[in-house]
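Per TrEMBL, the features are as follows:
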- 292-310: compositional bias 'Low complexity' (COMPBIAS)
- 23-261: domain 'ABC transporter' (DOMAIN)
- 344-569: domain 'ABC transmembrane type-2' (DOMAIN)
- 268-325: region 'Disordered' (REGION)
- 350-368: transmembrane segment (TRANSMEM)
- 380-400: transmembrane segment (TRANSMEM)
- 421-450: transmembrane segment (TRANSMEM)
- 456-476: transmembrane segment (TRANSMEM)
- 488-506: transmembrane segment (TRANSMEM)
- 548-566: transmembrane segment (TRANSMEM)
Amino acid sequence: MTNAAGAAARRAPPGAHMDVAAVAATDVRIRRGAHRRGRGGHVVIHGVTFTVPRGSVTGVIGPSGGGKTTLMRAIVGVQSSVDGDLRVLGHAAGDACLRRRVGYATQAASVYGDLTVRENLRYFAALAQADDPDDPTRAPGYLDALLAHVGLTEQAPRLVDHLSGGQRSRVSLAVAMIGGTDLLVLDEPTVGADPLLRRRLWADFRQLAERGTTILVSSHVMDEAIRCDRLLLLYQGRLLAQGTPADLLAATDCGDLEEGFLRLVEAPNRPVEGGDRTGPRARPAPAIPTGSAAEAPSAATAPPTRAAPRAADHPPGVAPCPRRRAIDGLRTGATAARVLRQLGRDHRTLALVLLLPPVLLLTLRLLFHRSPDTFNRVGPALLGIFPLMTMFFVTSVAMLRERTSGTLERLLTSPVGRGDLLVGYGLAFAVLAAAQAAFATALTVGALGLTVRGSAPMLFVAAILSSFLGTALGLWMSVFARTEFEAVQLIPAALIPQFMLCGILVPRHGMLPALDAISTVMPMTYVVDAMARLSTSRHVDRWLSRDILIVTGCTLATLGLAAVTLRRRHP
Ligand SMILES: Nc1ncnc2c1ncn2[C@@H]1O[C@H](COP(=O)(O)OP(=O)(O)OP(=O)(O)O)[C@@H](O)[C@H]1O
């Protein structure tokens, strides 16, 4: 292992106490697919009790569907509906102060395919560095050493999308190594790795563990289990056994682990098969003489509790979490720069955002070439509406891509905060929105002959405000979609009613009173009003000020809603 790659492991962060278990689980039960305030779903982990000692390589071993990923998600704090007591480095799992200490590599690569390998590592390193001027990733040559370490030096300038599956997994592993100074949670990290690399990775896990980093690694390959210090054998959400590989072999009287595992599965006293909706009370795993019984309290004696409180709850000897800023300039700036870089490479989206509003306005001009008055009436309103719509579309889909690619889940286990993320996104899209508004306004006023009796620069400012509103609405509404397909369904639902009632099709005074009342709670109405006032008058009267204030207030309130509804934990 290289010096730089091990630097994180050597540095003990404040609050790191080697006598506190890396993971301590007491009667942990997890439901998946739960919704409506945590109800529903089915029990996937049926009350497991175990400890993972510091500085060990612990394997979570078991067949597919046994609950390995679910357990790991709970440990890194992105799994909802976790009951029982689950502590990581002495803190409640998912506690904010674990984010610089726990690294997580999901099963899918969960890195940005449209960034290069080096850009991915730089971004995650920037998030880690923000709070700490002494962060080991700031050391000169750190990223080069890390790249060499995972065998990706040559691939550093290549887009991740252009790499093989195994190479992508290695990028993901390198990102996890940046994040985890104390605990690395790796979900099947060797899938797709060739035998040579697999051997090297396991040697690295060993070295990292010797330097103090705890490695929790899942696998369903039994020949990897033998390389672990300790094993947690999971079968159908129940812990069949925990202990060293030698303990397991001795207890099952078998020559190899696979046979031993099968024997445990077939043992008459193994726990009841599960998957039921309520799940039976947990039984302790069959006793294997591990010499560590004191570490693992019995589920039978542990009182069933709700998940441990999230904050300010730490046992003696564990330092409380330092306060962190909700929005950090470095993390926000790094996120904005990353999103801008991605946008810069996405030529199709750039073309859509920059060209669609002007093309639509040009079409409108041609449609009304015999009646310029009509163009002058609806043109300014559409100068506000088209940018709002395109920015809504682009931001909601971009945010969703974060969710579906797994990068959002990874980010939410990193030091980045929800505020950093949304403000970073907002800033990047604001740049795009400003370019869009400038382009559309200049073309409409300059080339298409839109008559503006008011101030053209003010019209431009209002068009930018309208794009910001679309950006904020898109960031928020993406929370209600799980796939790009669902995001596309949001567009007509969120925008068409606003378009119909904003006063552009029928003036508001001509509407039924009920429809007029509905239109007053729709932000697009105020965009249209502001644009109409700006195009007909030079004066900034109180009505125009009111419209602009409402649009700005709606944008900020929607960004706030997006931050509140961006959940860290998922079913
Ligand atoms: N989003 C979800 N909603 C509901 N149930 C889920 C969800 N994801 C997984 N499950 C269920 O949870 C159980 C455990 O899944 P999990 O992914 O934790 O298993 P695993 O041991 O990691 O499997 P593999 O080795 O194939 O990755 C499975 O029965 C699966 O069907």
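The backbone N, Cα and C atoms fix where each Cβ goes, and this holds for glycine too.
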Please work out the mean pLDDT for the residues of the domain 'ABC transporter' (23-261).
86
Under 8 Å between C-beta atoms and at least six residues away from its ends: which parts of the chain pack against the transmembrane segment (380-400)?
339, 342, 349, 352-353, 356-357, 360-361, 364, 408, 425, 429, 432-433, 436-437, 440-441, 444, 450, 452, 459, 462-463, 466-471, 473-475, 477-478, 481-484, 486-488, 490-491, 494-495, 499, 502-504, 524, 527-528, 530-532, 534-535
Among the recorded stretches 421-450, 456-476, 488-506, which has the greatest number of Cβ pairs closer than 8 Å to the transmembrane segment (548-566)?
456-476
In the same chain, residues at least 6 away from the ends of the transmembrane segment (421-450) whose Cβ sits under 8 Å of its Cβ atoms read 327, 331-340, 343, 350, 353-354, 357-358, 361-362, 365, 372, 375-376, 379-380, 383, 386-387, 390-391, 394-395, 398-399, 411, 456, 459-460, 463-464, 466-468, 470-472, 475, 535, 559, 562-563, 566
